[in-house]
Amino acid sequence: MVVGEFAGGCLREMKNLSCRVIAGRWFMLYASLLIMAAAGSVYMFGMYSNEVKTSLGYDQTTLNLLGFFKDMGGTLGIISGLINEVTPPWLVLSIGVLMNFFGYFMIWLAVSGRIAKPQLWQICLYTFIGANSQTFANTGALVTCVKNFPGSRGSLLGLLKGYVGLSGAIIAQFYHAFYGDHNPQALILLIAWLPPAVNFLFLPTIRIFNNVYYHRPNENKVFYHLLWISLALAGFLMVLIIMQSKLTFTRPEFVADGVVVLFLLLLPLVVVFREEIKQLKAKTQGVTDSTSQSKVVTEIIPPPNVEQEVPATTGSLEKSSCFRNILNPPKRGEDYTILQALFSIDMLILFAATIFGAGGALTAIDNLGQIGRSLGYPRKSITTFVSLLSIWNYLGRVVAGFASEILLIKYKIPRPFMLTVVMLLSCVGHILIALGAPNFLYFASVVIGFCLGAQWPLMFAIISEIFGLKHYSTLCNFGAVASPVGSYILNVRLTGVLYDKEALKQLKAKGLSRQAGKELNCVGVQCYRMAFVIITAATLFACFISFVLVLRTRKFYKGDIYRNFRVEHVTQENGMLATEGHGSALGEQDKKNKN
């Protein structure tokens, strides 16, 4: 009986701990990491684009048009941002689940011949809907995490966007485990059901915590532990991709690889449980994190001026009309209204730089499969390009997030300067594609994947720092819209047209003419050379524009950009401490009266 009571008590304690972990802030972060790990299907377009082109009889311009709708869908998140302003995150994620399944399932039905060949506008619509579901996952999970951990934005954004960068390689390994290696139609089907399943599983855990957040001293250590786990996952995937490109794997070996990937995805749970247990022990010992944090912050910023600064700013913004103050924005770092941010010079500069910087990198990624085919690379090598690009996309994101945070805090180097350097580096990848020398495409995929990945956390962090967090869900999605605009200009109107022009020239040289409904292929380095020379020039122009933003914001980044955030929490802390002190004084007085 005693043993039974002891076992029952242990089970109850384990149940309570599990419930605490699942309802905690750190598990919410872990759930967001898994949602991000399944949210990068737009980066896998190069793995199945040739199947779409062959099955539906498209030329390169038409395929690039699909790529444009994919890019526009993957980054046009203004709708999801506005919905997130007025609804809870779980509803935003639910909409994304339905959109993802419908869009990619309809593409699979069309490519597999299970329905009549759709019109081009229908395929474009399906592509847009499927890709646009990613913005709902980004908004529902990523924006929620930033609001729950506002004191570690650079590291947090780098980690979350890093898992998005890894998602292409992760989904590719599950594809091999489920369907083998020679069924690209099944890959589209996997993309249709796997990300919605992950999102649906974690819907109840993604929420904004109403209790006051305090940046704890050990918080960055937790992010670094999660970083090491993600680096182990990325390293394993890279080794696996290289081995799969050199060797022939059997189905059981693919399944074993998928099991290891799944284990590495579950490994962060150890960190989550450890942190929750630490917090539970701290509470039982009577040591609260809020008290220790109030001591640290009050030493950095004295409290006397706090009550005069924060209420004045928020009060004036609430009383004034947003339309009258569109051209009269607050200081950088304070909360802008949506219209104030959209019409600000800083946002316009960042938007223009992203059009040509990210637009050129997206063009390279969308055409990677066709570039490899035109240069005579085997199909397995093309799959390797896409997977390696996913790995280096991840590294670019985490390096940009964590390194920019270190450089900003220790050396006051502005994040826009790091964005400029990343864009300049991407020019190397574009030039390698234009040269078309043997094996250059491997290096080009590494450089472009790294640079495109690095741009996203930098841009999202810059928007949060300059324009505040109040309307962050809408503003970060508006900034992302610039990349499909650049993709349309550089991909559809430039690269696709020049490719088809060269392909028709080759057909004419052979004395042939193009037949209606047949795919149009070009062979040789000349297919993409001129396009990527122009893209290199456009990216250099983006570097110049980005450097203008560096000059405009250098004084802002030399100061304490998180000062308002810390002042707000100091005010709340001092209020609580004052209340506790008043309560203890009254208790002493009562004791004296009784005596």
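In case you wondered, yes, glycine gets a Cβ from its N, Cα and C as well.
Automated prediction, rather than curation, is the source of TrEMBL annotations.
According to TrEMBL, the domain 'Nodulin-like' annotation covers 25-273. Summarising the annotation, TrEMBL assigns transmembrane segment to 27-48, 90-111, 156-175, 187-210, 222-242, 254-273, 341-365, 385-409, 416-435, 441-463, 475-494, 530-551. Per TrEMBL, domain 'NFD4 C-terminal' is recorded for 342-557.
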Interface present between the transmembrane segment (27-48) and the transmembrane segment (416-435) (three or more C-beta pairs under 8 A): no
Positions whose Cβ lies under 8 angstroms from the transmembrane segment (27-48), at least six residues beyond its ends: 21, 67, 70-71, 73-74, 93, 100, 104, 111, 130-131, 134, 137-138, 140-142, 144-145, 148-149, 156, 159-161, 163-168, 170-172, 184-185, 187-188, 191, 194-195, 198-199, 202, 205-207, 209, 226, 265, 268-269, 272, 276, 365-369, 382-383, 385-386, 389-390, 393
Intrachain neighbours beyond the transmembrane segment (385-409), with Cβ under 8 angstroms and 6 or more residues off its ends: 40, 43-44, 46-47, 152-159, 161-169, 172, 223-224, 227, 230-231, 234, 237-238, 241, 365, 368-369, 372, 377, 415, 418, 422, 441-442, 445-458, 461, 557, 561
Arithmetic mean of per-residue pLDDT over the domain 'NFD4 C-terminal' (342-557): 90
Which of 254-273, 341-365, 475-494 contacts the transmembrane segment (441-463) most, counting Cβ pairs under 8 Å: 341-365
